[in-house]
């Protein structure tokens, strides 16, 4: 046993030496990069690289999945409140003064590349020519007009989206919404083999665009604080932020949740509230809230040991998942940021660049910080508050008559007889937004649809109605044109169907 202990000690000593060498090599490379920064970017670049260095240090320290599966417990009953209970309290007469303490923050760092679009995802048209950003501004403007309040909108951009977003913001200069922006950090991608940055200097245009990445939305705490905007908003008397993804069209300001935060029934305010909703089979990979070492903790699939992944995905054991709609106290962010006390697990995201080089990027997720805040709470909200548009299949749902649009908010049509949305799977011919739009002369009537699968070269004429389960499969080399005015109810269409004008 003595020799075993000695060899283990030797191994860990050896690993420690390797770690120190890697950190030293990284520091040398980062210093070289910093030396290329122009004087007006020096301070900003320095902060970014310092943040990256901390993340890299933790990455080298951590081993394997970051949770001990044996310690994971179901959260206590009272730590996840049903939304109905919070709504039942009603609203106070002074709801306007409560609203004036709120700031809406949208995560706007993503590009529309997965849907074949260039530029910020928030500028994709989703409904009646309105973009995600248009709808967000309309919602907040409606709130400010209705209650005579001053709720500002803050956009967290990335270096990928900042320029395009700022150009567009000019069009809202006369709207009744103050709009602020700040940028998330810019971190260097790491060569998977050498664990050194692939960037040689600070530039991020041209051939250097692939050298850098925005490090996930967990970066919001440091970037918000470093931008000075956090202090300004606290100075203006703001107390809470409502954070959500800009592509989640269900994430509107909820007055009942805000009232619960500002006027808690037990007199003790929550610093962090996460909206969760019930899992369906489509959500098995979503992060879930658990009890871990007596704290609420968000566990993501990437942190789960391989042997327990199926258990993690089970709808019976973990019934809810994180919508990424979060309500966080500004004063708590400031306190924790100044103490360097926000602890988020590292997500290692492997990528292959266009030239074939394998890189990794180190990221964090905003909801993972829940365990660092005091008196955190989950609220189990209706599914309607989670309406993300990640694919053209999602886009089809929100463009259809399943929803009506009112003051920037989408609500499920009262004519829909059941509250769940249909399951829609559009094949690869529909992946890009421009291809998708070309294949629909008008969006079909989907009020009575349960399930739609479309594969291959398929187009839809005007005023098509889809009901029940509809499966349309054009085999390779075949083409299917669904004629104008067609009604498909519980149908499978396959083979070749061409309707020719004559």
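Glycine is treated like the rest: Cβ placed from N, Cα and C.
If you check TrEMBL, you get these features:
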- 121, 184, 216, 247, 390: UTP binding site (BINDING)
- 217: substrate binding site (BINDING)
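The structure, with features from TrEMBL marked on it.
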residue : record           : contacts (Cβ under 8 Å, 6+ apart)
121     : UTP binding site : 110, 111, 112, 115, 132, 161, 246, 247
184     : UTP binding site : 109, 156, 157, 158, 214, 215, 217, 219, 220, 223
216     : UTP binding site : 347, 349, 363, 364, 365, 366
390     : UTP binding site : 114, 247
Residue 247 (UTP binding site), number of other Cβ atoms within 10 Å
22
For residue 217 (substrate binding site), the number of neighbouring Cβ atoms whose distance to its own Cβ is within 10 Å equals 24
With the UTP site defined by the record as 121, 184, 216, 247, 390, how many Å span the farthest pair of C-alpha atoms?
21
